[in-house]
């Protein structure tokens, strides 16, 4: 083998000649192959040689005549006319397609159109029934017998009883056992006194709530028993929470624009709720009595489905009015920092997730004061959750039966029915199917309870007893 320094000029000269004049393709490729073999046999050739070699190939391809065959032409035409590739349909789960924005918009349009038809049908059949003066007259009709207003005023007695009991405990005047007993008596009286008042008085006129202010909020950290003051306990009573803390998280300032927006929402949505109840709910419920009396199940089902739409719409508006507008308004006034009053319950895939996320203040109270103490006693999760649903069912029935002055247990049974429903959904339904089951239970379950209570109330007060 010769010296590598002797071979390099020869290769460069051949390369230069190949760039000046065209040479046959075969000899040139042979020289290139020989050079490649020699380079691999010895040391690695310099980088400029491979670079010039690549240039030679590119220029040869450019100057080489293009030879076409009938087969090449056929393949070229086939590629130009081909319009099919291996792929799945968009609506197949294997396609991976997720952009259904247009279908969502279509659903919204169909929902608006269908409800617009129902609204026009309601106007044609009943006329305009919205009467804000009728609501105001309820407050002025019986000014000397307002149970709601009386109960709000009397509630201060129970607040003071809890405060002074805790003060006695802090200084050791009374024992822990006595203090626990006094708190138990106070809470029991607080639960029974409103029921006795409502059931005893003949007037059921609702009264306005009394807005109480605790002055400027104190941002300094306090410790027990320095928190046992009237200002502190009334701040807790007015704050949008059910769980007491020594030092609540506080916002730095009151945002006036935010406050005005929430106030506007509260006033507007309240009027909207009253109008929907008067115009849509009341006529539908009144027309449902005859199918119930005749036990016409097909007509009963039709009335229930007709009531489901306005009832669910009113429930959604009420949720926004109470948990977003009203609670944020109060929290902004009091500079209460924890604004998590709800989570994404609309994405619930299980019933338990819905009940844990749609009402965060109540959920936190049940978790801290009921569920966790039961769990610490060694009770299983299933029994603890059943106990929580049982407590919630009791209060649902309490809030419905006491104002109506009748006990039918429809709300109680509806809440307890959530236990087997929660088990079924979590066991057999997942993802979108579970979310659909939660929505169906909300849309259908509430109007069933409304019709049951109205039917019993109507039979109890307006049907002559034989």
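Glycine is treated like the rest: Cβ placed from N, Cα and C.
These figures come from a predicted structure and were not determined experimentally.
Feature annotation (TrEMBL): of 81-101, 144-164, 165-185, the stretch labelled transmembrane segment is 144-164. TrEMBL assigns the feature transmembrane segment to one of the listed ranges (103-124, 191-212, 213-234, 235-256), namely 103-124. Listed ranges 49-70, 291-312, 313-334; the one TrEMBL annotates as transmembrane segment is 313-334. Which of 362-381, 382-401 counts as transmembrane segment depends on TrEMBL, and there it is 382-401. The Cβ of residue 396 (active site) lies under 8 Å from the Cβ of 411, 412, 414, 415, each of which sits 6+ residues away along the same chain. Cβ atoms under 8 Å from those of the transmembrane segment (263-282) belong to residues 119, 122, 126, 128-132, 134-135, 307, 310-311, 313-314, 317-318, 320-321, 324-326, 329 of the same chain, restricted to positions at least 6 beyond its ends. Nonlocal intrachain contacts for the transmembrane segment (313-334), taken as residues 6+ away from its ends with a CB within less than 8 angstroms of a stretch CB, comprise 115, 214, 217, 235, 238-240, 251, 254-255, 258-259, 262-263, 265-266, 269-270, 272-273, 276-277, 281, 341-342, 358-359, 442, 446.
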